[in-house]
Amino acid sequence: MKISTLLCLLLIATTISPQVLAGPDAVSTPVTCCYNVVKQKIHVRKLKSYRRITSSQCPREAVIFRTILDKEICADPKEKWVKNSINHLDKTSQTFILEPSCLG
């Protein structure tokens, strides 16, 4: 009886410990990493947004493109087509921001 109680307490302590050590910050800030990147160019007409992955917790820097079909694709930020796509998306997003003020 004493051994089963001890094992039960040990199991509970083991289950609770990682949650306490992780703390509230680990729960509120999930980290997205790219482990593989696409090899082929994605046409800019298929892309609608992007975000950069620069976390020190990730094995590599990357850009995640979101397509018009809401798929996320990891790409190498050093690739020329990736830089061109980012520039294009930046310009089109600025155009959309400025349009309402131009209407008067």
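We number each residue from 1, going along the chain as drawn.
Including glycine, each Cβ sits where the backbone N, Cα and C put it.
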Request  = According to Swiss-Prot, Cys58 takes part in a disulfide bond; indicate which of Cys8, Cys33, Cys102 is its partner.
outcome  = Cys33
Task = Disulfide-wise, see what Swiss-Prot says Cys34 is paired with, picking from Cys8, Cys74.
result = Cys74
Nearest-integer angstrom distance between the alpha carbons (Cα) of Cys34 (disulfide bond) and Cys58 (disulfide bond) = 7
Ask   = Among all the protein chains here, how many other CB atoms are within 10 A of the CB of Cys33 (disulfide bond)?
value = 13
Ask   = Taking just the CA atoms, what is the gap between Cys58 (disulfide bond) and Cys74 (disulfide bond) in Å?
value = 13
